[in-house]
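> Below is a structure I'd like to ask you about.
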Amino acid sequence: MLNKPVLVESLIVFIIVLFLHALVWDRYSWCAVALAIQAFYVQFKWDRLLQLGGAVFQFRTAANSGLLPASMVIPLLGIAMKERCKSAGIVYFERFGIVVASTGMLVALFLSVIAVGITKPVPTNTCILTGVAGSIIIYTMKHSLTVSEVIEVLEVLLIFVYLSMILLYLLPRCFTPGEALLVLGGLSFVLNQLIKRSLNVIEGRGDPIDFFLLVAVVGVVLLGLFFTVLFIFMDSGTWISSMFFHMMTAVLGLGVIMPWLYRLIQRNPLFWLFQFLFQTQTRVYLLAYWTFLAASACGVVFYQNAKRSSESKKHQASTITRKYFHFIVVATYVPGLIYDRQLLYVAAVLCLAVFIFLEYIRYFRIKPFGQTLRHLLSLFLDERDSGPLILTHIYLLLGMSLPVWLFPRSCAPKGTLSGAGALVPYSGVLAVGVGDTIASIFGSTVGEIKWPGTKKTFEGTMTAIFAQIIAVALILIFDSSVNLNSSYAWILASVSLVSLLEAYTTQIDNLLLPLYLQIMFMV
């Protein structure tokens, strides 16, 4: 029997795909539509595998596979980037958008083939659809990509295969298949870009903050893989292991990551970072303000844990309490987006590295803070944290930061886009910081009419849409660089579709919603 919420979620994704390609229909549109149709059918095969326990790896059980919404994100991002850079006349990044779209399609197709291959009995109709979609995609790639670009796409696919085998084995129940596609696909692309740029360093070419993002992400992931393998053979909770952890972190950071970054930016990374952070008085004020907000967030954690100790050992933080952090993150990102986006870019990278490093300390029970972090963060767990890692706060940071990191600065005149594209960096703030937060608060407090087949309410979704429209009006007032050029109908349609997707998706909304809103705004 078909799952009605999944059908509605799929319908919303199809509408987004058709809306996008109604504006930019070309040969890649056929590929995107074919991929969406086959992902829709394969999604139910994945759901059946998860229900019967027939999947090779252990996935998160409190959600469906999410294959269709995840499969379309990277291809649509690439197509939107291609169109933006084509209109700006930047050929290099137009080709880069085509590579991103092709890579996303091939990785999604690979995940579909796995599901079809291990389903018994073999689903004949789905196999035919997958074969047709694959033929269309490969034919289009053959006539669109150069030899070097084909090699790059295949490199990312190879990295994705190996990362999937390693991380899905080491981290059971942390992802759905769709979330794994998004996270591991993104990691594979970042790793391939870092290798490519490291082998082709040209002095003075490339923005140091882009290199900083690539090295930081790859560095913390490799650090985690190294310690995961190491602690298979030794107890990570002892003082000796903890001292070794801190020592090896310093050795790998100073001996591998710093020289790697030095090679890319051609200057001392620590001196560059210090000079960058304190370059202007505005940056000093922003850093002081963000430090205050970080201390406030820590205060909320300590207060809620003290409340748990005084009330009950089984006390869990409410939805409204967890949304405090969304308000804090909005208060963090909005001033950065208005006054200094480059500083926000770098600060978000640093914060991501710190979050992941603290999660390593918690997961491996590294002394002296590992057990304390386990106790403090257990209060804020929900059904999405069913695996060994706590990822919801990292997803929140990613959802707010990805629109800033993925903003096509080189294809934007004077650092900004016109029309709805001017709101691209605000996609995380609108979708997660405002929309998701308001929907949760109003839905859980005053919501009565539930969307069919879900726990989400009609009142929550409507107030989320209304709140995001008000937020757009405030952005227009306070950010002089934003010029919407009468694209209000498109913004309303984009916000409404993404809010409906929030109501029906069982995937990590902190990660999925900002990306879809960014795609809609970029077009």
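In case you wondered, yes, glycine gets a Cβ from its N, Cα and C as well.
TrEMBL entries are annotated by machine, without manual review.
The annotation transmembrane segment is assigned in TrEMBL to 12-41, 92-116, 122-141, 153-171, 211-232, 282-303, 324-339, 345-365, 386-406, 426-446, 458-478, 490-517 (among others).
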> Taking 3+ C-beta pairs under 8 angstroms (sequence gap of 6 or more) as contact, is the transmembrane segment (282-303) in contact with the transmembrane segment (153-171)?
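As far as Cβ distances go (cut-off 8 Å, pairs 6 or more apart), the transmembrane segment (282-303) and the transmembrane segment (153-171) do not touch.
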> Apart from its near flanks, which chain residues at least 6 from the ends of the transmembrane segment (345-365) lie with a Cβ under 8 angstroms of it?
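Distant Cβ neighbours of the transmembrane segment (345-365) are 209, 212-213, 216-217, 219-221, 223-224, 227, 231, 236-237, 241, 245, 249, 273, 276-277, 287, 290, 336, 371, 373-374, 377, 388-391, 393-394, 397-398, 400-401, 404-405.
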> Which listed stretch (153-171, 386-406, 426-446) has the most C-beta pairs under 8 A with the transmembrane segment (324-339)?
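Per the Cβ under 8 Å count, 426-446.
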> When each of 12-41, 153-171, 386-406, 426-446 is checked against the transmembrane segment (122-141) for Cβ pairs under 8 Å, which one has the most?
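Maximum Cβ contact count belongs to 12-41.
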